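The structure appears right after this line, and notes come after that.
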There are 2 protein chains.
Amino acid sequence: MASMPRLVLEAIEPVVDGGAFAAKRVVGEDVTVTATLFGDGHEQLAAELLWRAGDGDEWQRVAMEQLPNDRWRARFPLTRLGRHQFVVEGWLDRWGGFRRDFRKKVVAEVAQPVDHAEGRAIVAEAIARMTGDVRKQLAGLLPRLESASEADSVTLLLSDELAQLMATADDRPFRIVSAPALVDAERVEARFSSWYEIFPRSITEDKARHGTFADVIGILPHVRDMGFDTLYFPPIHPIGTANRKGPNNTLTPGPDDVGSPYAIGSPDGGHDALHPELGSFDDFRRLVAAAHEHGLEIALDFAIQCSPDHPWLKEHPGWFAWRPDGSMKYAENPPKKYQDIVNVDFYAPDAIPGLWNALRDVILLWVAEGVKTFRVDNPHTKTLPFWEWMIGEVRSLHPEVIFLSEAFTRPTMMYRLAKVGFSQSYTYFTWRDHKAELTEYIEELTTTAPKEFYRPHFFVNTPDINPHFLQTGGRPAHRIRAVLAATLSGLWGVYSGFELCDAAPLGPGKEEYLDSEKYEIRPYQARRTGDIVDDITLLNHLRRAHPALQTHLNTRFYATDSDQIIWYGKPAVGDGALAEMIMVMVNMDPHNAHGCTYEVPLWQFGLPDHGTIAVEDLAKGNSFQLHGKAQTIHLTPDEPYRIWRFSLPKDAS
Amino acid sequence: MASMPRLVLEAIEPVVDGGAFAAKRVVGEDVTVTATLFGDGHEQLAAELLWRAGDGDEWQRVAMEQLPNDRWRARFPLTRLGRHQFVVEGWLDRWGGFRRDFRKKVVAEVAQPVDHAEGRAIVAEAIARMTGDVRKQLAGLLPRLESASEADSVTLLLSDELAQLMATADDRPFRIVSAPALVDAERVEARFSSWYEIFPRSITEDKARHGTFADVIGILPHVRDMGFDTLYFPPIHPIGTANRKGPNNTLTPGPDDVGSPYAIGSPDGGHDALHPELGSFDDFRRLVAAAHEHGLEIALDFAIQCSPDHPWLKEHPGWFAWRPDGSMKYAENPPKKYQDIVNVDFYAPDAIPGLWNALRDVILLWVAEGVKTFRVDNPHTKTLPFWEWMIGEVRSLHPEVIFLSEAFTRPTMMYRLAKVGFSQSYTYFTWRDHKAELTEYIEELTTTAPKEFYRPHFFVNTPDINPHFLQTGGRPAHRIRAVLAATLSGLWGVYSGFELCDAAPLGPGKEEYLDSEKYEIRPYQARRTGDIVDDITLLNHLRRAHPALQTHLNTRFYATDSDQIIWYGKPAVGDGALAEMIMVMVNMDPHNAHGCTYEVPLWQFGLPDHGTIAVEDLAKGNSFQLHGKAQTIHLTPDEPYRIWRFSLPKDAS
């Protein structure tokens, strides 16, 4: 009965699923931990935050401060990569409670001799249970207290010196300790990076000549000038010939058709090999090195499926599912079949541990080649325990490795993949082109449970997704989507062609690209009349210059009276009163101009409704002031957005 | 690695704190259980809900139905009082998945012989692992399948007969089972009751004559006529004389002053004794029996504190805290002291188990005397493990016993007390007299975590709380608060005097009553000119007649354009399309009339915005129709509320 804890410790944050998974942070950030701690009556409580990086480390401690409504708070710094643990400890602070009550009585002039005696009794108890230095010091203080005048006794009982000794001697009655919670400290690129996707074989001036890693080196300056930091390739492995797909996903390829790089594996090798026409391992290493010199990193695709020509089918038939007639079980979603692709079976007879280890070793091979970022294809069709185990294994050796989950499925699964270890995730952003639905989606990501573990990577397009909005909205639509992606999230991505406003669909109502690079070589073009390279360059520059643009978590929406004009602000990460905020306004209609009255969030700066805010237009470079909370604006498709920096006017500070 | 579960089972509802505490329901209700269950890929899953009443019972099972977004749902009935358990079980439904995919292929006319063979292989596996009847039946089917024509094979493979056999033979691969969750089934009065509070000693025509239990019997018909079902008494135990308080909480009582009944204990006895002037145990038993005859139950106060004259101080000094000079530790909140009251110390040297058992035995004594409902005074100043243990002990013997928590403190503690076992709780309702704050509070109670465990008891006043709103708002204010309390929650309470609009405060700005019954006898009056007994009688009548008014959980707020006029609806509990709803509109300003345009929630009945709803005015008895979504109304302080029954017009259904 009395063994149940007297104190209650609950609602600790950040905790993901009761501590089963890690909250995601990056090195250099502080983790702010809050907890609810309370007990019966008016007792004084105390709390400490304990944390450590890695299992073997010593726990470090810091006192928590008490906030209203039984909340407590403290912070700890993330100074190195990897898994961290923290716990919260609370207890009944007997001396603190005595001191608090005694001080009130002294102030009210009602302290009695028995109140002094009560203090001495607590000190005597502490002496009885201590040894060493603290005991010696307390034992020296007690006779002083006993023989002191009333005034001296008050001074001594309320002294910081005694409080400190009593804290050291505290036996922490009714101590309660939370279950350990986990935090992953990743490198900053897990939260903030700008991706550019190309098919290396398309880096050629001529469709007839297969691009190479050497060719890719040639465009690195251009990619870097646009401000990207991550260059991502679809699979670069040998491509199977069995059931090869032709242009536009046809089933009748010609002899020169290059096939889909997602049909991985041929007699030249599988996931651990390079497509011979792209180059050798030496060529690849030269490319990785050149990219690093340009401040770029290479991200690779991890697509687990195999072409029917993949060496594993012969070497490890026990990793696959076979049918009663001895045929392969192809990927299928009945009645559809995908006959250029075979899936491994994670629970096949020989799969554990053979297949699981082999897949992990593929990742470790590319990590050894200098690749630290992997975009994972369709992880939701592979078993979750594999991801949890594999990512854990890789990150225990290489905590700098980042995995991006390319799962477009139900939210439960997308969130779960993030929990089991994916640093970043594809999202529904691509299809959220109305103000209300985009606002609702961002608020789900920034204010509900996923904020602790789900980092949204906002791709404006992908080789598989040519959004209807871009197909029909032309250049204004591309600019609108670029601004939204680049300013709403710390992570955004562009699949090449987007910057040229290439958006021809395979057919009416189709979301695929016409003449998709997945099935053919499309010679790369850096610039074109009417491209939006300048917008992208500006956006990436602003993202580097302003930490406020390096996360989605700080996004706050403000009111406009137009359902076409979205308006949000992002304060800089950090503590203290708001001194500046990046503000973004976008007309989400690529076809029509819209005006609105919008609300200037003066209150965020502590200003009254008639106050004045200084505005720097970060796109145009000019500065001005806005007076008062209600303002009007007109945004045309030719100038569909504003990016402003709000700050307190110099004379107001 | 592969020992991690392949399937994910999460977000099970109702679950309180991961299963640490019970969700609260009442006998006769169904418990609707929902859960999220999913896995990788496109596999077919299946789920069952298992439940039992009591530890020793057999688990009962029911299949769960699949809803969108990986949600699953099933229900189980509560047919008896007490603690119930449930778990959710999910697994990969191999035969169900085969059947689903095979049917698609058959429909698309692409089924191949190997697809039939795959079905037979699954059947053969089932035969291999089964024994007995099912094995025999499956073994009989297999040769029929093997020799069947294609058409017959299709029919048999898709047959319900085979599906049923395969379900019985299912080895439930990748089975996952949730942790057990708890549900407490209480009697309906835990959720729906109407309380009336009196000081029995005041049931007298003359201040000089102490009222008795026999006197209380005399007013039972009046209490019952007002529609109350629970008659609640402050403590009825002997009252101490040491440091007795005089009228209006003065420290200088006269010799005839009766003292506060909360100063429990005298040489006549303690918590297990009756105040001699109220009557004997026989008198009390007669009162309990008479109350039952009138359809009323008696609720007692459980106030743990002791007067300095309580027998326990001498008999069990080890249950109390003593100071270094040998004096009592009085209740205090420095620099305030409450010298007529001494608190027991739940962690004093002899407290465990002596004190804890003694307190439990006090409750068991009154239960044996026919009292099944206890209002507990200030439970938040007593240790939580005591409540969890004591309520558990009492309810394991007497699951019909109801405890009401009288804690006015921080929400964390108020909610925790409900979690550890209190069936009902006092609330902040008494101080929520503005529309916005009351709406926000009700929405917190009906849509966030507390909805599963916290039953709000809306008292309009108490002997300690004479709200400013009632002091200043006169008769209209009393009617307003009565309507709000009686229609917002299934639980409401009136402390006598409220119905007479007695609201004289102790002084300006004070929340206490003048000449409080806590310190003196105030002869009871049943009616008075200008009382609101008719309103209360109507409200209690409507509450009995309409199940929609027997819970707070179904409250939905609708729009009006006045911040003084609150407007809400309560659909009847149960499934199916909305056929009727009780609607309440209240002008929350007791001083001024207000008009508004309000929204008729036609959409709740499946009606268009120009539709027609039938209205029965439940207060006045007349009927009419409302056409269209926007309506206007004017509410004066003399007629501050409407209670309507909305239903589909007869000709529309």
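Every residue, even glycine, has its Cβ placed from backbone N, Cα and C.
No curator has checked TrEMBL annotations; they are predicted automatically.
The average pLDDT computed for the domain 'Glycosyl hydrolase family 13 catalytic' (B:197-543) is 96. Residues annotated as domain 'Glycosyl hydrolase family 13 catalytic' in TrEMBL: B:197-543.
The Cβ of B:Lys245 (alpha-maltose 1-phosphate binding site) lies under 8 Å from the Cβ of B:Leu251, B:Pro253, B:Asp257, B:Gly259, B:Ser260, B:Ala263, B:Asp340, B:Tyr519, each on the same chain and at least six residues away in sequence. B:Lys245 (alpha-maltose 1-phosphate binding site) falls outside any helix or strand according to DSSP and counts as coil. Taken from TrEMBL, the feature alpha-maltose 1-phosphate binding site covers B:Lys245, B:Gln305, B:Asp340, B:Asn378, B:Lys518, B:Tyr519.
The DSSP secondary structure for B:Asp377 (active site, nucleophile) is strand. Sequence-distant contacts of B:Asp377 (active site, nucleophile), defined by Cβ-Cβ distance under 8 angstroms and a gap of at least six in the same chain, are B:Tyr262, B:Asp301, B:Phe302, B:Ala303, B:Ile304, B:Gln305, B:Glu406. According to TrEMBL, the active site, nucleophile annotation covers B:Asp377.
The Cβ of B:Glu406 (active site, proton donor) has 22 neighbouring Cβ atoms from other residues within 10 Å, across all protein chains displayed. The active site, proton donor annotation in TrEMBL covers B:Glu406.
TrEMBL lists B:Asp464 with the feature site 'Transition state stabilizer'. Applying an 8 A CB threshold to same-chain residues 6+ apart, the list for B:Asp464 (site 'Transition state stabilizer') reads B:Glu511, B:Glu512, B:Lys518.
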Item to check | Tertiary neighbours of B:Asn378 (alpha-maltose 1-phosphate binding site) (same chain, Cβ under 8 Å, six or more apart) | outcome: B:Ala303, B:Glu406, B:Ala407
Next on the checklist: Return the count of C-beta atoms lying within 10 angstroms of the C-beta of B:Gln305 (alpha-maltose 1-phosphate binding site), excluding that atom itself.
Outcome noted: 22
Item to check | C-beta crowding around B:Asp340 (alpha-maltose 1-phosphate binding site), within 10 angstroms | outcome: 26
Next on the checklist: Applying a 10 Å Cβ distance cut-off over all chains shown, what neighbour count does B:Lys518 (alpha-maltose 1-phosphate binding site) have?
Outcome noted: 21
Item to check | Among B:Lys245, B:Gln305, B:Asp340, B:Asn378, B:Lys518, B:Tyr519, the record's alpha-maltose 1-phosphate binders - longest CA distance, Å | outcome: 19
Checklist outcome for this item: Around the Cβ of B:Tyr519 (alpha-maltose 1-phosphate binding site), other Cβ atoms found within 10 Å total 21
